[in-house]
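J.: Annotations per TrEMBL:
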- C397: active site, nucleophile (ACT_SITE)
- D299, D326, D344: S-adenosyl-L-methionine binding site (BINDING)
- 185-457: domain 'SAM-dependent MTase RsmB/NOP-type' (DOMAIN)
Amino acid sequence: MSWKNSKNGRKVDAREVALRVINAVDIEGAYANIALAQEINRLTKTGELNNQDRKFLTELVYGTIKAGNTLDWLLEHYLSRPLNKITPIIRNILRLGMYQLFFLTKVPPSAACNQSVELAKKYGHAGTVKLVNAVLRNAARNPEKAVYPNKDEMPVEYLALKYFHPDWLVKRWLDRLGFESCEDLCKTNNCNPPLSIRTNTTRIGRETLLARLENEGVVAEPSAWTPEGIVCHEYPALMSLSSLQAGLFQVQDESSMLVGHILDPKAGEFIIDACGAPGGKSTHIASLMSNQGRVLSTDIYPHKLAITEENAKRLGLTIIETQTLDATNLGTTFPAQADRVLVDVPCSGLGVLRRKPDSRWRKSESMLKELPKLQTAILSSCAQCVKPGGILVYSTCTTEPEENSQVINSFLHTHPEFALEKTGRYLPIQKRSDDMVQLWPHIDGIDGFFIARMTRLK
Ligand SMILES: C[S@@+](CC[C@H](N)C(=O)[O-])C[C@H]1O[C@@H](n2cnc3c(N)ncnc32)[C@H](O)[C@@H]1O
């Protein structure tokens, strides 16, 4: 698809922009969501991108990157030489073409082939043009040549290829969840989640914000999980919304909002948010405190804390202060000083794969051995900051026990001064009695998060 901009008559080719982003991710190691957002913002500013085109571009980029393993496997059926012998840019043109052929039913096969050949003419030479043409037309004519592994005999390989996930992760989930639930989870990870935002309740009520958003072209509904959450199904480019500029909301997933509710901060208290940047939870905490008290938001990276400060300023939340600190040392800096401490540790992020198309290909199983050491060190140090009678909340956006229940169980074993509460009772809407809360995208419909709430007894 190429399109003409009504303002300046310039033409933008979605496939070419998609190829640029995919190359940046594949060759330069860029993050897909950031590289795509940069292109979208640039083209939105120049008026070259409308909503429909933005969706097509996003689908091309996210789909091709997510389906990387399957596209390479499919390509092997139609190539006479190994894929890794082909230059990266031509390889990416082939992947983009295969994605349209096999997974975008609305794109006619002829368009997928012809447009890929045009890209090869621009970025390759006569030989690579011939290659792209031959491979894609062959695939379009003979799609049945690639047969997925039998799901009963090779369930890991089947699920990994069918739903675009690494084998090691599928194996892990299959062993723990069983076939049906594992398949559901993998499927859910491939759906584009709606955008969820949090009403800045210090400035506006949720109903009033919903009405204002409707006027700005946003199709949204109240979150079923939190009293201030809003789920947006259709929306123009975020930067164009005046309600965002006016600090009426913050982008934040519903699971992440639940962490603030489980911490349950009160106006006037001193709260430490130990791994606080870019401030999604710190700003929520300050809102829950009606902007009264003190929120110390620390992080190891000053450039990330700068984003926390920008967010706090835009939202008008003046009680947040930031400090660059290593959370493994926090206990000696603020011993027994805080009413409540939130420890939202760095984690593998396996609960939020649906948000970032490239993230599943950046993870490895070894992370699940390394991260718990850091998570335990951060939790143990930050626990010392909690006053007797105070609250300690640990959270992650992962689904894996090594980073979640195992960290908490071993912490409780070595810290008898802390007691685990029935964390589920603090969920604002969906009352549950779980000691530790594990949320799943395929079961709960929100990001996969883990939350545990503890009290300091003495
Ligand atoms: C899950 S993110 C936090 C997200 C944040 N709580 C929010 O809601 O916006 C984890 C954060 O931990 C920070 N981090 C990593 N190692 C750290 C350390 N040793 N001390 C403090 N922060 C650390 C990372 O920079 C990252 O911003």
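The backbone N, Cα and C atoms fix where each Cβ goes, glycine too.
The structure displayed is predicted, hence computed values, not measured ones.
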J.: Quick check on the binding-site residues D299, D326: which one has the highest count of other Cβ atoms within 10 Å of its Cβ?
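T.: Of D299, D326, the one with the most crowded Cβ is D299.
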J.: Cα-Cα separation of C397 (active site, nucleophile) and D326 (S-adenosyl-L-methionine binding site), in Å?
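T.: So the Cα of D326 (S-adenosyl-L-methionine binding site) lies 20 Å away from that of C397 (active site, nucleophile).
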J.: For the recorded S-adenosyl-L-methionine site formed by D299, D326, D344, which further same-chain residues have Cβ atoms within 8 Å of the site's Cβ center?
T.: A274, C275, G276, A277, T298, I300, L325, A327, P346, I378
J.: How big is the S-adenosyl-L-methionine site in terms of the longest C-alpha to C-alpha distance among D299, D326, D344, in angstrom?
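T.: Looking at D299, D326, D344 as a set, their Cα atoms extend up to 13 Å apart.
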J.: I'd like the Cβ neighbour count for D344 (S-adenosyl-L-methionine binding site), meaning other Cβ atoms within 10 Å of its Cβ, all protein chains included.
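T.: A count of 25.
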J.: Which value does the mean pLDDT take for the domain 'SAM-dependent MTase RsmB/NOP-type' (185-457) in this predicted structure?
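T.: Result for the domain 'SAM-dependent MTase RsmB/NOP-type' (185-457): average pLDDT 96.
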J.: Where does D299 (S-adenosyl-L-methionine binding site) sit in the DSSP three-state scheme?
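T.: It is in a strand.
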J.: Note down the number of other Cβ atoms within 10 Å of the Cβ of C397 (active site, nucleophile), including every protein chain shown.
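T.: There are 25 such Cβ atoms around C397 (active site, nucleophile).
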